[in-house]
Amino acid sequence: MPAARPNSLFGMGNPLLDISAVVDKDFLEKYGLKPNDQILAEDKHKALFEEIVKKFKVEYHAGGATQNSIKIAQWMIQDPHKVCTFFGCIGEDKFGEILKQKADEAHVDAYYYEQTEEPTGTCAACITGDNRSLVANLAAANCYKKDKHLDLKENWKLVEKAKVYYIAGFFLTVSLESILKVAKHASENNKLFTLNLSAPFISQFFKDALMEVMPYVDVLFGNETEAATFSKEQGFQTEDIEEIAKKAEALPKVNKKRPRIVVFTQGKDGTIMTKGGDKVETFPVLKIDQKDIVDTNGAGDAFVGGFLSELVQDKELEQCVKAGHYAANVIIRRAGCTFPEKPDFH
């Protein structure tokens, strides 16, 4: 079995420090949050970040959707180290140092663009039961610049080394030009470019950017809520998740050598995947007792990380889904997107 090469999986996104706490319904209502959602912080949420720390028992975890997935992929692969590369922007501050240290501990080859104008981004993860409402204050993450980082010769070399690319849809709000540069490189070299719908607001308010990238997408990830919003915004006129997957698969694609694969997770219900042509398969998730679920924050990221860990090793797609289900099952038993020392996946 050939081991994965260093820097063969490339991710680029918003590196955030998660500030995670079990909160109450009143807290959600006070800040107008849905129990299960992902949004960008507005002015009215400024106080939320202070209040959550004062009022609840918080835990700090390295976060950011893409960075989570990249870390999980590296954890699943184990050896060699630094199979996974990550680019993103942080501030020169304590939180930034924590993110660097955590990436290092996870054996991810992280290259952060560090700037002083904005502090390192944070994400408040407001947990109630098995729901999580995420409020992201991008700050530094929003300052990523193609010309200041991605275009630099030594950085672009790392992009060229990769054969699988993953970017969460969240990064569409930050640097469309960076995404397009990476996506076109993948497409022109018949490598795999993968993207996540990430959150309903991406399909709604960043639709043009999303659809500019879509022709380059070889694997599209999302969950049932995101799929439904995408369908509505695209005028697919269906709420049937299998039909949505087929229609997403059939959207225009630049690299004709590979059919687009669409993978939609549905929480405790089966994951569906298109298989080229008119076939859609459903894969049941691993059973878990409700009492064993600690927090579902990071479950979707973990699924993608598991999936990518097998994809970068040229495994069958069914195996990729199984690895995704395994990783998600491990993550939801723990607080934040954290994992035990070694995986036990076969």
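Here the Cβ of each residue, glycine as well, is placed from N, Cα and C on the backbone.
Taken straight from TrEMBL:
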type: DOMAIN; residues: 27-340; note: domain 'Carbohydrate kinase PfkB'
type: ACT_SITE; residues: Asp301; note: active site, proton acceptor
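Cβ neighbours of Asp301 (active site, proton acceptor) (same chain, under 8 Å, six or more residues apart in sequence): Ala65, Asn68, Ser69, Ile72, Ala168, Ile331, Cys337. Confidence annotation: the domain 'Carbohydrate kinase PfkB' (27-340) carries a mean pLDDT of 95 in the model.
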